[in-house]
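Below is one structure, written out as structure tokens; comments come after it.
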Amino acid sequence: MSNQLPVSCGLAVILTVLCAVPGKSKFSVGQYPKILNETVGSNVTFYCSFPFSRDVSTVRVSWWRDGERDFLQASSDSRYHFEIRNKASAAFHLQHVDVSDSGLYYCRVSNQDKAGQGSGSRLLVIASPNSPQIVPTVFGTGSTIFLRLACLSGAFHSDQLSVRWFVNGSEVLSGIRSQVEPRPGQRFEASSYLEETRPVRNGTLYSCRLSYSGRQVEVRYTYISGTEAFAEPDSGVLPWWIYIAVGSGVFLLLLLIITIILCKFCRVGRRRKREHRCVQHMQKPTNFKMAYTAVDSSGPPTGTKHQYVEKKTACPPVPLRNPQKNNKPSYASPQLRKQQGRK
């Protein structure tokens, strides 16, 4: 930080001298946003506004970062992209930011005999420890099983990181050793260790909670005797076996519904097929001529000498077709019972 101060002051003096050259006047230059908080890998844009200019070709916009001697150049870093958006504003696009890109950025605008610079935009790139893990070490035999747990965080942008341990939901206040170490790229990594001095029971749940910048992330570890213990982050996602159970239940329910529907269609199909056979049975053959009468004379006459009623049956017998036989019509003579009374 002490080395950056003279550089920043020197650049500020140069800009002040340039702006103070006779024949050049100052004008107001604005910058926005004032503060940017972004995560590693995201893209950011700084904006610079200046007085309206009729001829944009005479406008020159330069960007620099506080603490550096030279202006930023697109040729020096492929992530830098500069543009003059319109006759009153410009932009600086920085892609795939990293923790080392954090800092204060300024823009300077010159237009013929006028010049001005903005008040700066501060960028803070956050590398959250989104991938912590618990590394267990089991020692002992039989009923005297002991554990030593190490909670390791991912690379972080600040050393302001706290680690807390919980056993079955209760916070552990003693027997914990934590440390934060610097890493390349202006990052830090935290590590915390918990050692159980008493035998561990089967199914004991351990939680390591990391807190930073008003946020927190938690990873859990469950000890299971006789099998490999497992650790899982508290990301709000249910265990995998729950999804399998729910999926199997839904599949069986759909299978049952499909089976019921198919059974209904089979019943309807059989009924229609039976009706179709009956209709075919009722139809006359094309090459068979037969006339028949059915007379019911058991009842008393009503205004006529005899009352003839045609008997209707569901499926009357149909004679077999034999085109070689005589096709003369045959008649059925029903048995008639003598009517009592006047003829």
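Even glycines carry a Cβ here, placed using N, Cα and C.
Where the annotation comes from TrEMBL, it is an automatic prediction and has not been curated.
Look at TrEMBL and you will find 296-305 (among others) tagged as compositional bias 'Polar residues'.
The annotation compositional bias 'Polar residues' is assigned in TrEMBL to 323-343 (among others).
Residues annotated as domain 'Ig-like' in TrEMBL: 22-124 (among others).
Here TrEMBL flags 132-225 (among others) as domain 'Ig-like'. On the 0 to 100 pLDDT scale, the domain 'Ig-like' (132-225) averages 84 in the predicted structure.
Under the heading region 'Disordered', TrEMBL lists 296-343.
The signal peptide feature in TrEMBL is assigned to 1-20.
Annotation comment: TrEMBL describes 240-263 as transmembrane segment.
Secondary structure of the domain 'Ig-like' (22-124) per DSSP, as helix, strand and coil residue counts: 6 helix, 53 strand, 44 coil.
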